[in-house]
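Before any comments, here is the structure.
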Amino acid sequence: MMQQPPPGGILPHHAPPPSAQQQYGYQQPYGIAGAAPPPPQMWNPQAAAPPSVQPTTADEIRTLWIGDLQYWMDENFLYGCFAHTGEMVSAKVIRNKQTGQVEGYGFIEFASHAAAERVLQTFNNAPIPSFPDQLFRLNWASLSSGDKRDDSPDYTIFVGDLAADVTDYILLETFRASYPSVKGAKVVIDRVTGRTKGYGFVRFSDESEQIRAMTEMNGVPCSTRPMRIGPAASKKGVTGQRDSYQSSAAGVTTDNDPNNTTVFVGGLDASVTDDHLKNVFSQYGEIVHVKIPAGKRCGFVQFSEKSCAEEALRMLNGVQLGGTTVRLSWGRSPSNKQSGDPSQFYYGGYGQGQEQYGYTMPQDPNAYYGGYSGGGYSGGYQQTPQAGQQPPQQPPQQQQVGFSY
């Protein structure tokens, strides 16, 4: 069982001393005495960072992308995790422009490329201290980092019917014991309740092991319940693409209509059918209707609940289906349609082409580095909440729940 984050997102044994450092929400990293507090500009979103030269070669990159962040994991949390390395320069958690909520990923800058590489090799897929059921998810934050970036293929499976106590680590070890090519595992968590949704994903680097696992592990117990295994969208080793659960951090278009449960799917391969689309998206909840307009390279998936549509948007944006990378956004809200016929609703929202939907390309973590100026965050992000905007919600009071990241 995993604990909910303490109030304010501060780890239980990381409470800061009553001093001037508190104005930055500083935490003593891992109980190391004498660690210097972070500079003010690191924690003030409005502060302008000093300009610096953007790296031009792989050996100059000193920034890591970090994903799978919980809504309460802020810059203070990242500092508490990595400042003990002695070479952390700054951190930035990406937030939604409208709500100010954490989008699930961020960036950490180190003093040198070598320092960043040591952290990447040491912490990637390692348990987070004080939260051992959650794993660090790290990668290089630049497309130019060449073969040092993990662009190997990902072959992913869906794992359903998980018990409430199954965490990322438990799921990972369940499969790693039999399949050496397992690269990672993710149990999907409901952001509202903090509880597992009862399903997750496991990534392999070997396609033959993925295929074997789909047969051999179906019905095998994980914790107290037998698992239900199925196919999931996979990354085929193309630079800049992201795996099925890592894409949860992608910045898809926000929809504020509580009644809209429809997802637009762009860039479909011609071989993908309505049934194929339904099988992939049904992993995220009950589906009301699926439609791929004749002759079009896009489709629509309507869920019974908005939360299911949100999860599908987070998980599937930018993955491969049928040989192409799909792009997801919100479809037209049912409250805006003029006809009660579902088929008319879908066709009516299609317009003159995929661009009419205004869907966004999946925001690969590396794409942000084009605007990231090495020593600060003055370019490209545009994620800082506007003045007068409500701050992110505080995490709930500490309690015991079935949790994993």
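In case you wondered, yes, glycine gets a Cβ from its N, Cα and C as well.
For 1-19, the entry in Swiss-Prot reads compositional bias 'Pro residues'.
Residues or ranges marked as compositional bias 'Low complexity' by Swiss-Prot: 20-35 (among others).
Feature annotation from Swiss-Prot assigns compositional bias 'Low complexity' to 380-405 (among others).
Annotated domain 'RRM 1' per Swiss-Prot: 62-143, in sequence order, evidence recorded as sequence analysis.
Helix, strand and coil content of the domain 'RRM 2' (155-234), in residues and according to DSSP, is 19 helix, 32 strand, 29 coil. Under the heading domain 'RRM 2', Swiss-Prot lists 155-234.
Positions annotated as domain 'RRM 3' by Swiss-Prot, on the basis of sequence analysis: 261-333. When pLDDT is averaged over the domain 'RRM 3' (261-333), the result is 85.
Annotated region 'Disordered' per Swiss-Prot: 1-54 (among others), in sequence order.
What Swiss-Prot records for 379-405 (among others) is region 'Disordered'.
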Subject >> Composition by DSSP (helix, strand, coil) of residues within the domain 'RRM 1' (62-143) >> reply: 23 helix, 33 strand, 26 coil
Original post:
Where DSSP helix means H, G or I and strand means E or B, what are the helix, strand and coil counts for the domain 'RRM 3' (261-333)?
Top reply: 22 helix, 24 strand, 27 coil
